[in-house]
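The compositional bias 'Basic and acidic residues' annotation in TrEMBL covers 408-420. Among the features that TrEMBL reports, domain 'G-protein coupled receptors family 2 profile 2' is placed at 4-289. Under the heading domain 'G-protein coupled receptors family 1 profile', TrEMBL lists 21-285. TrEMBL lists 404-432 with the feature region 'Disordered'. For 6-31, 43-64, 80-103, 123-142, 170-196, 237-258, 264-286, the entry in TrEMBL reads transmembrane segment.
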Amino acid sequence: MSSRQVGIFIGCSVAFISLVGSLMIIIAVATSKQNRENTQQRILAIMSTSDFLFAAAFILTFAIPHHGRKSQDVVCEVKGFIFMLFGTITNLYNASLATYYLLTIRYNYGNRKMKTVENWFHIPPIVFGLLYTIIGAGVNVINPMKQDETSICAIVPDESLDPSDPLYKLGFYLAMISPLVYIVVLLFNFVCYVLIYKHVKMTEQRSARFSMVIRTNPNSMNELLQTTRKVATQCKFFFLAFLVPWLLSLLEMALLASNVDVPTWLNTLALILLPSAGFFNTIVYFRLRYTRLSEENPERKGISIVLDIVFNILFPCYQRRDLFRAESLEDNFDLEPEICNTSPLDNETPVTSHMFPISTHYNAEDQGIGEGRFRSNSTHTDERWKQLRASGVKVIRKQSSTFETTDIESRRDTTTRLDESIEEEESTRNIS
């Protein structure tokens, strides 16, 4: 067997595994009410559907050879249409997923607020993917990438045409859109991850400063940091799952566009990794479930838990031993933890500082968007009202022992202003 035949065999095997993995994600989301109501789960479900069809088109490319004149081969056009459509949609949905994590971690969007912008996660990828492939099929530029019957069909110029032919030029320009989309999405995801990484570091520093000024529950503070890191880690792994499959293919397309011979090893590796996105996404998606089951069943080996997860998703009527008992099949098994609901400021955490001579309580409301109540055990004086207004918080009198605050910015910014006010007061006290 030649190296290309080996690459085709391994690539089709990887594509089949990706197909099964994508199907598992779709089933996990579709069969859980809480998963269906979660924005991130819906994004992953549609992205996995695209991965599923992309892997199927990859397998069909080599299972059903195409014949005849390239520009008139209906089989090649159908396979190329599916291949390019869902490849483009998958890439753009990775940008939607990165945007979701950025809004969740950095801008503190809860699930309710996220639903107001969710349509923009779905409409651009689907509309752009359809327009791109329909235009490519309409102008007849879906052709094999190489002169053989087992080559992948995609939007590329017809090599039988003269380079000066307008149709050849049109095919060349349309072919450049696909790698350009990948590069733009890659840079966008990288920027999102950098912003998330910086925010996590700032959260750690702010929490350390916050714990020195405000007496709070250390367990709640640790829970916030651990939850933020856990969600950020999921974001990082999904970014890598997007980066790995397409990077070598992008390099191969760049060499082809430059009329440089592609090394055999590069072509083989690119062929193997191209359909692997669904496989990597499956590993990242079920990582939370695997970790949880490993903690609940320390006596079980890793491969045994993996098999239990696969059988439980694909064959729910078949239960391997007692690992998946009926009471442990929870709806939120694959949901990421909510950052907003684990803040140390939630649940009326006691707060004491130089600004408030008496012990007060803060109770955050819906998803931590900056609304809450301070409750006190005694009547607040006018001086304390002035101190609150000076800290940039809008105060509305409600009762003698209860008043409501509405912050324009997020709850985190309120904490920063309180810390700054305390530092200014301490410096003034030291000077005097």
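Backbone N, Cα and C atoms are what each Cβ position is placed from, and that goes for glycine too.
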Highest-contact recorded stretch vs the transmembrane segment (43-64), from 170-196, 237-258, 264-286, CB pairs under 8 Å: 264-286
Contact ranking winner - 6-31, 80-103, 123-142, 237-258, 264-286 against the transmembrane segment (170-196), Cβ under 8 Å: 80-103
Whether the transmembrane segment (237-258) meets the transmembrane segment (123-142): three or more C-beta pairs under 8 angstroms: no
Remote residues contacting the transmembrane segment (264-286) - C-beta distance under 8 A, at least 6 residues beyond either end: 3-4, 6-8, 10-11, 14-15, 17-19, 21-22, 24-25, 28, 44, 47-48, 51-52, 54-55, 58-59, 90, 234, 237-238, 240-242, 244-249, 251-252, 255, 309, 334
Other parts of the chain folded back onto the transmembrane segment (80-103), taken as Cβ under 8 Å at six or more residues beyond its ends: 39-40, 43-44, 46-47, 50-51, 53-54, 56-58, 60-61, 109, 114, 117, 120-122, 124-126, 128-130, 132-133, 136-137, 142-143, 152-155, 178, 181-182, 185, 188-189, 192-193, 195-196, 231-232, 234-235, 238-239, 242, 246, 277
